[in-house]
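Residues or ranges marked as domain 'Core-binding (CB)' by Swiss-Prot: 2-88. What Swiss-Prot records for 109-294 is domain 'Tyr recombinase', and it gives sequence analysis as the kind of evidence. The active site annotation in Swiss-Prot covers 149, 173, 246, 249, 272, and the record cites sequence analysis as its basis. According to Swiss-Prot, the feature active site, O-(3'-phospho-DNA)-tyrosine intermediate maps to 281.
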């Protein structure tokens, strides 16, 4: 399987350099393709060129037998389809057996989001007299104010922020750039952190950096670091909820749409290439439904 692993490394390079995908996305591709490589070993398939449509169907059957969700199976098949598309382009294989496979319909899950009172509990636990507390407050205020992805948050540089018009230049998926606005709360938290806490953290760095969010050693904060920080904040807020960076993104979109923002504008703010990606947020909270009903129905 040496040649197979070498080919995977070529594909990963392509995702990093040409597609500019995040570390998390690339890790998902590696996991999905690695799972298929294990299947190839079990079936004694030595070369990628030898994989047939029958093998793909057998792999699909295995995934279903292991009770994997439709969403998970669809992602794996999509990863492998992209992998073979790359192999075709590089003339490593002569056909894409995954192109013929129909993807299972994804389950449409309503994204988990936070209510205002739950958000408030997260915003009051950080000690604003410390550098770490100032950084954490600025980070969660910004995540909620902008709906940016965790990878985008970690890539923000000081030069990307324009306080005069309260906007940030964001580099999104595929290196696509967009400007996102932020409000008063985020502005105050960012200014406090940049003027005080960030300088304290930056003084510990071996090499200077203009990345906005720094870790305790003065280096750039990573997506994994952000997730760890959020887990700690949620624990201190005594919330019995699972909150990830993406929860803030879901919350941002849900709150905007519930307050009357149009779908196209939210699509632009989130940096979605397709409107269908944004439409998942068109659910509304039960409280909002109740409010609309009470204020609109003649006999409510």
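Including glycine, each Cβ sits where the backbone N, Cα and C put it.
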Counts of helix, strand and coil residues, the domain 'Core-binding (CB)' (2-88), according to DSSP: 71 helix, 0 strand, 16 coil
Residue 249 (active site), number of other Cβ atoms within 10 Å: 23
Cα-to-Cα gap, residue 272 (active site) vs residue 173 (active site), nearest whole Å: 9
Cβ-Cβ distance under 8 Å to residue 281 (active site, O-(3'-phospho-DNA)-tyrosine intermediate), same chain, at least six residues away: 111, 250, 253, 254, 257, 266
Pairwise CA distance, residue 149 (active site) versus residue 173 (active site), rounded so that it is a whole Å: 9
Most crowded position, judged by CB atoms within 10 A, among 246, 272 as active-site residues: 272
Three-class DSSP secondary structure - residue 281 (active site, O-(3'-phospho-DNA)-tyrosine intermediate): helix
Cβ-Cβ neighbours of residue 173 (active site) (radius 10 Å): 16
Nearest-integer angstrom distance between the alpha carbons (Cα) of residue 173 (active site) and residue 246 (active site): 15
DSSP-derived class (H/G/I helix, E/B strand, else coil) of residue 173 (active site): helix
